[in-house]
Amino acid sequence: MSPDLLFKAVALLGGLGFLLGLVLTFAATRFRLKRDEKEEAILSVLPNANCGACGFPGCAGFAESVARGEADPFGCPVSDAETREKIAQILGIESKPKEREIAVLICQGGEKECGRRFNLWGEKDCRSVALLHSGDKECPYACLGYGHCVKVCPFSAIRMGENSLPVIDEEKCTGCGICVRECPKKVLRLLPKSKLVYLACVSPEKGKEVRDKCSVGCFACGICVKVCPYSALKMENNLPVMDFSLCTDCGICVHKCPTKSYRDRAKARPYAMISTACNGCGECVKVCQFKAIEGKPQERHRVIIEKCIGCGECFKVCPIKAITMVGALGYAYK
Amino acid sequence: MSPLKIFLASFLVNNIVLMRYIGLCPFFGVSTRFSTSFGMGMAVIFVMTLATLVTYLLYHLFLLPLNLLFLRTAVFILVIASLVQLIEMFMKKSFRALYSAMGIYLPLITTNCAILACTFLVIDYKYSLLNALIFALGTSLGFTFVILLFSAIRERLEYAEISPAFKGYTIAFISAALVSLGFLGFAGLFGISL
């Protein structure tokens with residue numbers, strides 16, 4: 001290579017690089033967008049999971065529309081109260097408290113409880129199986145158990161249990177609702193995280209139709225509606241519908257349900273204990289739905305621990321506050 | 001060759017993806033959804049036509065007179081990359097809607113082999129500037145056409161019963177090969193050869 005050619009090559013490539021560098025530097029200042037401070041601040045407090053549950057492409061897209069005032073500032077379903085508070089501070093608005101939610105499975109019909117009607121050949125995916133005669137489970141409303149929710153959960157909070165029912169890790173679940181949207185059988189729903197008791201059945205069929213197909217399905221007997229001391233349950237479409245504003249999570253319906261269709265998220269429940277102050281008025285005996293309190297009138301009563309479910313009804317009616325709720329470490333009685 | 005023949009040849013007969021096997025990474029990477037394929041296709045049309053215009057002028061005004069043909073690859077990549085960077089900045093500021101339509105694919109496609117191949121091919125074929133632009137347009141439209149076609153197939157494949165051994169990219173490559181075989185039928189019509 002001649003020195004002349006080398007010089008030309010270096011000059012051309014170097015010159016071109018220098019020129020383009022200059023042009024880009026100029027353009028970067030000339031066309032610079034005013035970086036929105038709010039946008040960057042919002043992005044920094046967001047969870048940055050980029051799950052897309054808010055409907056925007058990633059956390060950056062959400063932050064951008066919030067900064068421009070287009071999106072709901074509290075529209076991130078993954079953010080906790082602290083994050084919401086920070087976003088509200090950045091925008092200078094009041095934060096409205098929103099209850100954290102978690103996804104729960106509202107079907108208990110696993111392999112043992114609810115059999116399969118036919119054998120499937122080939123690839124098994126909830127969405128494709130659901131298209132075939134509403135799925136292969138005996139109950140046409142049941143969870144199919146092929147784990148589509150497991151695949152779509154961006155937080156790896158769902159795993160497949162032994163009984164072909166997905167198990168949701170309450171610690172990992174952020175309540176983004178992606179599994180709820182994706183489930184073809186609609187057997188997942190979002191529940192306020194503080195809510196403990198819920199009905200885990202979606203079948204609108206009644207009586208024999210349900211009992212023949214599933215051993216844990218609600219067959220609309222209506223016992224729960226009758227026993228609920230707060231009238232929080234109403235029978236609609238052969239399913240008890242719970243009014244969350246009235247329900248106190250006492251757990252009476254859970255224990256009274258003949259098919260065990262209710263689920264109780266409480267890890268442990270307390271039990272009642274009657275102190276020496278008891279004068280034997282008998283109010284607690286009347287209110288206990290589980291016959292867990294015995295004793296003669298005008299004498300100190302006694303709680304049969306094996307029968308007590310810790311609903312706290314006696315605790316509320318005792319006129320002299322002689323009843324306390326004990327046990328169940330970590331469970332705060334509401 | 002007439003401009004119309006150049007266009008049809010680059011669009012169908014010598015399709016850049018299915019006949020030349022160039023630009024396979026975006027072809028398999030973003031063809032999972034119809035909408036993303038569309039964004040990618042638009043970005044390719046835009047960048048490829050523009051890059052061909054600029055590099056063609058650069059080649060004939062500088063590289064050829066200075067006898068610096070060995071610098072072709074380096075210069076072309078340098079120019080294409082910075083040009084797209086510049087246009088991206090400009091579009092982000094002035095044409096917000098267009099920018100969000102092409103989105104992330106605009107900077108992604110800059111360093112793709114399909115763009116570089118197109119700029120080289122028009123030089124190797126010794127086209128005039130007009131013919132070069134027609135060739136670039138036809139090639140990029142061919143890319144868009146094929147990626148849209150293929151994304152429709154892949155959206156359908158997602159629901160198909162596929163043996164676990166063939167899932168994902170395996171079945172995508174096999175399908176692409178079959179589509180390519182179909183395009184081979186065009187080869188009997190006419191085509192570009194050196």
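FYI, residue positions are counted from 1 along the chain as it appears here.
The backbone N, Cα and C atoms fix where each Cβ goes, glycine too.
Those TrEMBL annotations? Automatic predictions, nothing curated.
Per TrEMBL, these features apply:
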- A:C51, A:C54, A:C59, A:C76: [4Fe-4S] cluster 1 binding site (BINDING)
- A:C139, A:C143, A:C149, A:C183: [4Fe-4S] cluster 2 binding site (BINDING)
- A:C153, A:C173, A:C176, A:C179: [4Fe-4S] cluster 3 binding site (BINDING)
- A:34-93: domain '4Fe-4S' (DOMAIN)
- A:133-163: domain '4Fe-4S ferredoxin-type' (DOMAIN)
- A:164-193: domain '4Fe-4S ferredoxin-type' (DOMAIN)
- A:207-238: domain '4Fe-4S ferredoxin-type' (DOMAIN)
- A:240-267: domain '4Fe-4S ferredoxin-type' (DOMAIN)
- A:269-298: domain '4Fe-4S ferredoxin-type' (DOMAIN)
- A:299-328: domain '4Fe-4S ferredoxin-type' (DOMAIN)
- A:1-28: region 'Hydrophobic' (REGION)
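Structural mapping of features recorded in TrEMBL.
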residue : record                          : contacts (Cβ under 8 Å, 6+ apart)
A:C51   : [4Fe-4S] cluster 1 binding site : A:V78, A:P154, A:F155, A:T174, A:C176, A:I178
A:C54   : [4Fe-4S] cluster 1 binding site : A:F62, A:A71, A:G75, A:C76, A:P77
A:C59   : [4Fe-4S] cluster 1 binding site : A:L43, A:L46, A:P47, A:N48, A:A49, A:N50, A:C76
A:C139  : [4Fe-4S] cluster 2 binding site : A:G109, A:C114, A:S203, A:V210, A:K213, A:C214, A:G217
A:C143  : [4Fe-4S] cluster 2 binding site : A:L105, A:C107, A:G109, A:G110, A:K137, A:S164, A:L165, A:P166, A:K185, A:V187
A:C149  : [4Fe-4S] cluster 2 binding site : A:C126, A:I158, A:P166, A:C179, A:E182, A:C183, A:L188
A:C173  : [4Fe-4S] cluster 3 binding site : A:I102, A:A103, A:F155, A:A157, A:I158
So if I exclude everything within five residues of the ends of the domain '4Fe-4S ferredoxin-type' (A:164-193), which remaining residues of that chain have a CB under 8 angstroms from its CBs? That is, six or more out.
47, 49, 51-53, 77-78, 99-111, 126-127, 130, 135, 141-145, 147-150, 152-158, 202, 244, 265
Under the DSSP assignment, what numbers of helix, strand and coil residues are found in the domain '4Fe-4S' (A:34-93)?
30 helix, 0 strand, 30 coil
Give the sequence-ordered set of same-chain residues, not counting A:C153, A:C173, A:C176, A:C179, with Cβ within 8 Å of the centre of the Cβ atoms defining the [4Fe-4S] cluster 3 site.
A:A103, A:C149, A:V152, A:P154, A:F155, A:A157, A:I158, A:I168, A:T174, A:G175, A:G177, A:I178, A:V180
